[in-house]
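Asks: Mind looking over this structure? Questions follow.
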Amino acid sequence: MDPLIISFFGILGNILTCLEYLSPVPTFCRIMKNKSTEDFDCLPYICVVLNSSLWTYYGLIRPDYYVSTVNAFGVLMETIYIIIFLVYATPSKRVSTALIATSLDVGLAGGAILISHTQFSGALRAKVVGSMCLTPLLAMYASPLAILGTVIRTR
């Protein structure tokens with residue numbers, strides 16, 4: 001395939017994905033304005049950090065800079081959202097959110113990266129990491145359903 005076409009769609013995909021990562025901005029503006037997380041759940045953002053962390057690693061070992069750069073941006077943005085959430089959460093919600101974020105985003109992602117890096121090499125490592133990326137990918141796109149009840153109740 002023509003490298004120009006690959007570059008065009010790679011850049012277009014990254015732009016659209018960055019816009020998707022920016023889509024929670026109005027929610028977090030509301031949280032900051034109201035100084036409360038209300039009934040919002042942080043799990044979707046925690047899942048995105050896990051997913052994006054693994055895909056960033058995958059993009060680095062392939063190497064595929066389109067994959068690694070856009071997902072690194074996702075890790076950054078979603079981490080900012082989690083920090084804002086923690087600042088405005090109730091103490092009990094803050095503790096539970098921090099535990100979940102640490103377990104998934106540090107423990108699970110870190111463990112997956114460590115195991116794949118020490119146990120596999122080359123193309124096999126890329127295949128293993130790519131396979132590991134699928135589970136949080138599904139969780140990331142299913143987790144917004146967690147706030148569906150809140151959206152329906154408030155409308």
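A Cβ is built for glycine as well, from the same backbone N, Cα and C atoms used for every other residue.
Take a look at what TrEMBL says about it:
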TRANSMEM  6-22  transmembrane segment
TRANSMEM  42-60  transmembrane segment
TRANSMEM  66-88  transmembrane segment
TRANSMEM  95-116  transmembrane segment
TRANSMEM  128-152  transmembrane segment
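Show me how these features fit into the shown structure, please.
Replies: With a threshold of 8 Å between CB atoms, the same-chain residues lying at least 6 positions outside the transmembrane segment (6-22) that come near it are 48, 66, 69-70, 73-74, 77-78.
Residues 42-43, 46-47, 49-50, 53-54, 57, 82, 85-86, 89, 125, 128-129, 132 of the same chain sit 6 or more residues outside the transmembrane segment (95-116) yet have a Cβ under 8 Å from a Cβ within it.
Within the same chain, residues 38-41, 43-44, 47-48, 50-51, 54-55, 57-58, 61, 112, 116, 120 sit at least 6 positions outside the transmembrane segment (128-152) and bring their C-beta atoms closer than 8 Å to a C-beta of that stretch.
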Asks: Can you name the far-off residues of the same chain, 6+ from the ends of the transmembrane segment (66-88), with a Cβ under 8 Å from a Cβ of it?
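Replies: Distal contacts: 10-11, 13-14, 17-18, 21-22, 24, 28, 31-32, 35-37, 40, 42, 45-46, 48-49, 51-53, 55-56, 58-60, 94, 97-98, 101.
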Asks: What residues in the same chain, six or more past the boundaries of the transmembrane segment (42-60), come closer than 8 Å to it by Cβ-Cβ distance?
Replies: 21, 24, 66-69, 71-72, 74-75, 78-79, 81-82, 85-86, 89, 97, 100-101, 104-105, 108-109, 112-113, 116, 126, 129-130, 132-133, 136-137, 139-140, 143-144, 146-147
